[in-house]
Amino acid sequence: MNHVGRKCSMSAIVGTTNAGKSTLVNVLVGQKVAAVTPKVQTTRVRMHAVSNHENVQLIFIDTPGIFSPKTKLEKFLVKHAWMSLKGIENVIVLVDVKNYLNQHLKKIIDRIKHSNLNAILVLNKIDIVHQSIVSEVIEYMYSLYKFSKAFTISALYGIGIDKLVDYLCETSPYGPWLYNDDQISDAPLKFFMAEITREKLFITLRHELPYSLSVVTELVEEKEDNSLIIKQVIYVTKDSHKTIILGKKGEMVKKISMESKSDLENILQVKVHLFLFVKVREFWQNHLNECVGYAE
């Protein structure tokens, strides 16, 4: 690989829960690499997503939303979020324009003040508010911290993304690429598979289901016809949650399985045989090996 003239940078995307971090990462990369749901705290672990633009490789670190941790799982997530700020060029502070008066956002800013990182302000969801509100939020955010640059976007509709990418490409330092040309993430395949199913669960069940569930891909087996057998376990903390996921006569879990199967086949370009199992484990949140989406 010829490194001459190449540029590479790493940017961590931080923000409060449900600010749109995973949606932004997927748009920047051009493929689904992180779960996108209406639920808060759906990103379990930090993940590197890769986007190449001619001679520039942009690496984005999708982080768990930073909030006040209580359980062992939540403390694990927040620790990983702050670990993402080590050894990077930029920190992108993603702000939901309808939820900018947030105490956790102030805590994030206070932490960044002591990091000496190039902090970029990105206001998301501008498609749902008036321009006057956007200006008000920018003014407020700059009263908290002097950001190097500010951008306004709608990650959902792709508004303003090009300007953000152009800036990141322009300011990236010269250096070799860290990932191959065709690589879009450093997450294991089993993790990707679990993320797809977890997204379908949250989107389908929305307010009926808490975020305290985990999907673990326990088996991926290739058949002679090149199709894949995928077995996943959905861990929940209560019998009532299991009942919700299964649905009447198993119709709900069948629906989720079909939707996840469809996405997996589109992404992997192979036929998929997906088997979902729902298990109750009251304190699964204290078993960190089951929080990352895959089993070795």
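Glycine is treated like the rest: Cβ placed from N, Cα and C.
Remember, it's a predicted structure, so these values are computed and weren't measured experimentally.
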Correct range for region 'G2' (source Swiss-Prot, candidates 41-45, 66-70, 206-210): 41-45
Range among 112-115, 124-127, 172-175, 284-287 that Swiss-Prot annotates as region 'G4': 124-127
Segment assigned the feature region 'G3' in Swiss-Prot (from 62-65, 222-225): 62-65
Secondary structure content, the domain 'KH type-2' (205-282) (per DSSP, counts of residues): 33 helix, 27 strand, 18 coil
Packing count at Lys21 (GTP binding site) (other Cβ atoms within 10 Å of its Cβ): 28
The region 'G1' (15-22): DSSP-derived helix, strand, coil residue counts: 2 helix, 0 strand, 6 coil
Around the Cβ of Gly15 (GTP binding site), the count of other Cβ atoms that are within 10 Å: 25
For the region 'G4' (124-127), mean pLDDT (0 to 100): 96
